[in-house]
Amino acid sequence: MSSKSQLTYTARAQSHPNPLARKLFQVAEEKKSNVTVSADVTTTKELLDLADPSTGLGPYIAVIKTHIDILSDFSQETIDGLNALAQKHNFLIFEDRKFIDIGNTVQKQYHNGTLRISEWAHIINCSILPGEGIVEALAQTAQATDFPYGSERGLLILAEMTSKGSLATGAYTSASVDIARKYPSFVLGFVSTRSLGEVESTEAPASEDFVVFTTGVNLSSKGDKLGQQYQTPQSAVGRGADFIISGRGIYAAADPVEAAKQYQQQGWEAYLARVGAQ
């Protein structure tokens, strides 16, 4: 798989075939941040307080990652509040739903039901364990002629995981790349621990530029008791991450705002070093 990680976000935005990827890179450049905060909180108030720039992390992040199904009080107020903050303060919303089912089911999970994820989440993710049909089904939903947000929706394929003993390796990771290539207008890229440029897969078109999100970024810990394995912003970006994802390292810090600033600074400096701008 080809990699354009040595190019600046601005250069990649100018030539990227995916409209949401262009928006994502533009947000990163405008805010000088490649930080995604994983907001693993359990109430609407906690979520909105975390995102609100007047009291929280909004100025320092490019993306907020939600686990909306762990909120104990999810309602339309949750979505209205989150959307308002995202629009006003220039960050994208990534719902970490990890879709993994047959196509007919994931279409309903994405577009219908109580959560109505398609209406508010710019970015979603899925595993390809069910096969290519899961990506095709999600793409059909997001790109339907009667769906008004198609150009503002995109998918990350879960190509690797940071948990100890993960089985998302080898042939599974290669298949993730192969499937992604078939849906360039919908698949933004991957959740992975590194650039997938060395993964053996089908031949890459010259215009290919998949975005890499790396989870498990933490400045103060190397892991937890449940098998999570962490890396620093510098090591993640050095291995090819375009956007670094940190949860407890930020929201569970003694001062989450100061922690977010630190991740923003270190992540951005690592990016500048990678592209030779520092």
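Cβ coordinates come from backbone N, Cα and C, glycine included.
Over in Swiss-Prot, the protein carries these features:
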BINDING   Asp40, 65-67, 96-105, Tyr230, Arg248  substrate binding site
ACT_SITE  Lys98  active site, proton donor
Binding-site residues (Ile100, Ile102), the one with most neighbouring Cβ atoms at 10 Å: Ile100
Asp96 (substrate binding site) in three-state DSSP notation: strand
Asp40 (substrate binding site) - helix vs strand vs coil (DSSP): coil
Those binding-site residues listed as Asp40, Asp96, and which of them has the most Cβ atoms within 10 Å of its own Cβ: Asp96
C-beta crowding around Asn104 (substrate binding site), within 10 angstroms: 10
Thr66 (substrate binding site): secondary structure state under DSSP, collapsed to three categories: strand
